[in-house]
Amino acid sequence: MNVLVVDDSSLFRRVITEALKTFPEVETISQAPNGRQALLKLQALQPDLMTLDMEMPEIDGLAVLEALKKLPNPPIVIVLSTLTHKGGHLAIKAMQLGAFDFITKPSATNAEQSLNLLREELAPRLKALRVRVNVRQILRAQPQRPPSSPPSPSATAAKPPTASAGLPPIGPTTKSTDLAAPPHSALQPEGVPASARQVRLPPPEMVLIGVSTGGPNALDCLIPALPAALEVPVLIVQHMPPIFTKSLAEHLGERSALKVYEAEHDSVAEPGSVYIAPGGRHMKLARSEQGQKIIQITDAAPENHCRPSVDYLFRSAANHFPGRAIALILTGMGSDGTLGLRLLKRHGCFVIAQDEASCVVYGMPKVAIEAGVVDSVLPLDAIADRVVARVSGRDR
């Protein structure tokens, strides 16, 4: 893996380089002090991965991402951003422009601490990128094919029209899979009573979403597609640092018919509203004496190395509102969410997983599917319609 480190700080360039040197898959490391130099070096260096600072002189990180979109085989980009409100907005925008993921710049007071923090952040991302980098290297090694000659008029006339000729395709363009199975199928999780599998449950009273790497873009597709008339609250755990989740909530709120908030302690989860767990803190559900859904924010220990944790939210919903939710497990690294889904499934919760083709990282959905706790596997752009159908009772 060839890496280009782009940062206007010589200190950060050095620390990032030293962190990258500890990974055996990293073969070469080059540096650029700003976006302009990075773009000039692309042709000669052909990097597989670029670590990109957002705030730089001459050409900033967003302008670099805009330029990369025009290239046929651009490097994969991991953005480094400051842990500030502005940094959060820039990171969300970077995801929209095609960045793979983001890392917050360490605020440690010495280089060794910064090095260790960066290494911890880079390790799972480099692991998740191995297959993608291998594919990119194969594509880069293939000779460019000359453009094909246009077909002759007679050849064109002899062929029936197809979707590629500019006509709409016949049938759906995306594939969905319902993992419906007989009661004793291996797809059914252990411990799910037969009654929960066979009884028609009432429509769900909430939507629970767990998502990690690739999440900002996935949510940017999903949440605006939900109607204002959605009669249940939506609760989201997105693995993100503090401050950034507020930027994400503001961005989604501007694009959505639903009201989107960074969740606050002891607030009531209202229908037609979306609540995102604040970065660096857990979110769970409790039940009031009147049966209201109360959001609680805690600083309990991380779960699955994550805070907020998807399992933490899912487990609370299973305990306090059994059988009342529809759960979505979307793109992301690791296995966070699967244990919580097991509990939800014991009470008949319907679970949707994002399919591999539309995931940035097919980790969390894959683990959940393999654990047998998923009812339906859908491409990202088909999930909102299925959620609405389940909530309305049309899809039972």
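Placement of Cβ uses the backbone N, Cα and C atoms for every residue, glycine included.
Look at TrEMBL and you will find 154-165 tagged as compositional bias 'Low complexity'. According to TrEMBL, the domain 'Response regulatory' annotation covers 2-120. According to TrEMBL, the feature domain 'CheB-type methylesterase' maps to 200-394. Look at TrEMBL and you will find ASP53 tagged as 4-aspartylphosphate. According to TrEMBL, the feature region 'Disordered' maps to 139-194.
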* Structure fact -> The number of other Cβ atoms within 10 Å of the Cβ of ASP53 (4-aspartylphosphate), counted over all protein chains shown, is 27
* To do: Provide the three-state secondary structure of the residue listed as '4-aspartylphosphate' computed with DSSP.
  => strand
* To do: Grab the pLDDT values for the domain 'CheB-type methylesterase' (200-394) and give me their mean, rounded.
  => 96
* In the domain 'Response regulatory' (2-120), how many residues does DSSP assign to helix, to strand and to coil? -> 52 helix, 25 strand, 42 coil
